[in-house]
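K.L.:
Attaching a single structure in structure tokens format; questions to follow.
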Amino acid sequence: MESMVNNLWSSWDTLSQATASTGGDMDAASVASKQSPQESKMAASSMIWSSFSEPQKTPPTKRASSSFFDDMFTSSKDHSTTLTDKMFERFLSMALPTTTTQDGEELQSILERIEMQKSRPQLSLNVMSKNAIQLLSRLSVPFVLIDQVIIIFSWSKPLYTLTFLNVATLLILKPILLLSLPFFYTCFEIIVPAYMKRHPPDKHTILQNRNPIPAEGPSVSHVDVPRPVPELSREFVLNSTDLQNHMLLYVMSYDFVTSLIVKYLYFKDENITIFIFVALLTSGTLLTLFGAQVLSAMLPFIKVTLSVGLWAATIAMHPNYRSTLLDMLYSEDTRLRLLMMSNRLELWLNKELNLREQKEVKETEIFELQHLDPETHNWQLICFSSDPYPANSHARLNNLPLLGTLHLSQVKPPEGWKFVDVETAVNTRSVDGWLLDLTPEGWIKENFLNETMDIDEDEKWCYDLVTKFSYQAGLTTNEKKTRGEVRRRRWIRYCVRDIWDEDDQMEETVAHRRNKSMESSNSLHPVKSIDSVDG
């Protein structure tokens, strides 16, 4: 907390000095340089509070626009950042975490958005409030459409609902009318009412306010164009209220769609997700190849189905049937029936698509390296390393430092994995959970070290092979291979993913170890996907 306060005070001092340096002239700077530190601090504080009380005035500057979208999404009135916005940015940078994902890595989409935000103004409360006011003053049309949909399906105006059903049925049966609908709407809902406002009909004694004959001659009224509603108006308050109430429509829709996607598409149940993937892939392929023929053959059936479904859904929402339908849908019997059907379907899919794979169990290897002391003729530990350090290795030929540790307990599992300790009768020697590899022939063949190492069958040490030549009288030479001054043996330990349960880890590891024990001593070990261990 103290460091946070110190950072804030330092930011205040920096910003106050920047404001004072840009706002003052040379004389003021000379006077400020002669002041004491306490007086300069008080002057800076007064200047900060004055900047809060009075808006900062900056000369208008022209900004070179990099693209059309930058001009569209940036404010053209004010491009300067006030002191309040700078402090707000500092608070956000200190309060918000630097990452957005659980594993500590930024998503690619977040990084792309951050890169795009660099050419736009930063978050500002003033700009946010201005943009919100401008949006609310122009947000009447969506809320009017939502109200019309509610009126139609609530049967508040039965004739209006029936008219909508007839028009919708006509559009379904003859889809080409969808192209002509915007033209008719523009003519009869925009142009004709605008003409009637410019040429209002005279009052008729018999027809009263329904006289269809407009006034003759030139226009008798001014042009009434749509414009944003003012802030102090009832329509603005209605827009604010509707925005507050209709926000939950998007929230509920988002939550519903997300729940379905997470349950069926994100491998929460692998069998169901695989079945959906195969079904979607097959459907997409068939529609790509035979979609035109299938749709042309089924088009009449689709039209009739959509029309009947629209009428049935609208009639079901009638007040006389709505309460009965909702009671039936929200009843406990319906919920249990749907739950049983879904469970039965999931059980059938799990039975037919038994694709449960065995969990990954990997071997982690480490080599114990020792060298022969020429004075005492005793073997001394070099280190535990992931490199077997053969005689022809690059590190050994170039005298490079060998990475390792002196204690076996300090060896860490690979990232994303954790060790599992299993006691078996195959390896009786165990040190800190590590098991001695009793079949070194396997890893020697894997690393193509057959000609450079000699195996001690008793303790499973692998010695360097050194070739010595001896010359005899004449032209003959004798080769003799002896053991070198470095030996190593392999320790293994099993590791599993760190997201598994402990019971599953033990079961899978024991099964894996039993399969390994049944292999022949001359057989090759499985190729390991993890070959390095951090020491």
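Including glycine, each Cβ sits where the backbone N, Cα and C put it.
What Swiss-Prot records for this protein is below:
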type	residues	note
CARBOHYD	N239	N-linked glycosylation site
CARBOHYD	N271	N-linked glycosylation site
CARBOHYD	N450	N-linked glycosylation site
CARBOHYD	N515	N-linked glycosylation site
REGION	511-535	region 'Disordered'
TRANSMEM	139-159	transmembrane segment
TRANSMEM	176-196	transmembrane segment
TRANSMEM	247-267	transmembrane segment
TRANSMEM	272-292	transmembrane segment
TRANSMEM	297-317	transmembrane segment
K.L.:
What same-chain residues lie close to the transmembrane segment (139-159): Cβ under 8 Å, and 6 or more beyond its ends?
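P.N.:
The answer is 229, 235, 238-239, 242-243, 246, 314, 317-319.
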K.L.:
Between N450 (N-linked glycosylation site) and N239 (N-linked glycosylation site), how far is it from one CA atom to the other, in Å?
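P.N.:
One finds 82 Å between the Cα atoms of these residues.
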K.L.:
Who are the long-range neighbours of the transmembrane segment (272-292) in its own chain, taking Cβ under 8 Å and residues 6 or more past its ends?
P.N.:
264-266, 346, 349-350, 353, 355
K.L.:
Go through N239, N271, N450, the listed glycosylation sites, and name the one with the sparsest Cβ surroundings, counting other Cβ atoms within 10 Å.
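P.N.:
Minimum Cβ neighbour count within 10 Å, taken over the glycosylation sites N239, N271, N450, occurs at N450.
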K.L.:
Under a three-state reduction of DSSP output, how is N450 (N-linked glycosylation site) classified: helix, strand, or coil?
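P.N.:
In three-state terms, N450 (N-linked glycosylation site) counts as coil.
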K.L.:
Could you tell me the C-alpha distance between N271 (N-linked glycosylation site) and N239 (N-linked glycosylation site) in angstrom, no decimals?
P.N.:
47
